[in-house]
């Protein structure tokens with residue numbers, strides 16, 4: 001028995017550094033930014049079967065939102081700093097950019113996925129202040145998130161390859177999940193190779209982070225408050241990483257409409273992170289969904305860019321449509337640093353764009369001497385959602 005215990009302890013301590021969801025802001029990220037979580041990349045479900053069967057592992061105490069044993073924080077229940085309100089509002093059918101951060105010392109390769117559970121009654125158990133879901137409820141929710149998988153192939157034009165560390169015919173041979181590159185590749189290896197971003201393009205506490213960016217399509221569903229679940233299955237180790245972000249979905253075009261009824265008030269701390277969009281509602285009380293009588297011709301799209309800048313540098317967005325200057329740096333739209341802090345380098349601007357428009361864009365930095373610094377390739381792509389009057393959207397990203 002003693003040997004068994006020592007072996008398990010060794011499994012928990014042998015490998016340092018891992019990954020966590022950053023855009024939209026996960027509960028883990030908010031815990032990190034408020035100082036509660038000292039290692040956001042360390043919420044780990046282990047030891048479990050993570051490969052080649054991606055769905056075999058039971059989530060146990062980790063649940064769909066993660067448990068960090070290092071700091072004894074269970075992200076499956078709201079706290080003062082997360083879980084009381086959405087951090088961003090998406091629109092049904094919208095294609096959005098999502099991002100996670102992998103630590104340089106714990107890039108285990110493998111595959112990852114996102115999901116939205118459309119059983120609001122079940123999700124509400126993870127939104128109720130003071131209530132910790134049971135392990136059975138946690139597993140039921142994870143099963144629901146797997147059923148509500150947001151497939152790579154749902155986004156038109158997105159490259160959805162097979163994992164090079166998987167063998168054809170094995171359970172991991174699938175391209176509905178997103179894949180990292182070959183674990184032992186000489187260049188652009190593993191998960192850090194997906195973006196090819198520079199070290200410290202996102203923040204971890206062990207060895208510095210690399211961004212991993214993809215696009216997902218929001219389902220035909222609406223909710224004042226629900227969860228986006230991120231899951232990464234490691235190829236190298238017997239580990240799974242689970243994280244949740246509190247989101248809202250507006251403007252369902254015909255899918256099930258369900259509203260949270262778990263609480264009528266929200267608690268907001270003055271030290272709460274300012275890096276995320278304000279919610280569109282201040283209460284999660286049940287309300288009737290209005291019938292859409294007027295389709296919006298213009299949608300306010302908020303561009304959020306997380307980029308560290310020097311004094312005198314300014315950030316702009318430009319792109320393939322006239323509203324973004326048609327790639328002219330002279331006509332690029334300036335972002336505001338009103339919410340910028342050293343730990344949360346956020347630049348934002350909101351632009352009214354024609355509903356349904358698809359375009360490419362990039363962020364640029366203008367130096368004090370007038371020189372221009374462009375983000376690395378490839379161009380970003382975005383499709384403005386369609387919806388009722390009052391629909392808004394957010395395009396969030398980190399500099400690359």
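Heads up, the Cβ atoms here are built off N, Cα and C, so glycines get one too.
Cross-referencing 241, 340, 361, 382 against the Cu(2+) binding annotation in Swiss-Prot, which names 18, 108, picks out 241.
Looking at 254-287, 288-321, the range annotated in Swiss-Prot as region 'Disordered' turns out to be 254-287. On the backbone, the CA of residue 18 (methylhistidine) and the CA of residue 379 (N-linked glycosylation site) stand 27 Å apart. In the shown protein chains, 18 other C-beta atoms lie within 10 A of the C-beta of residue 119 (N-linked glycosylation site).
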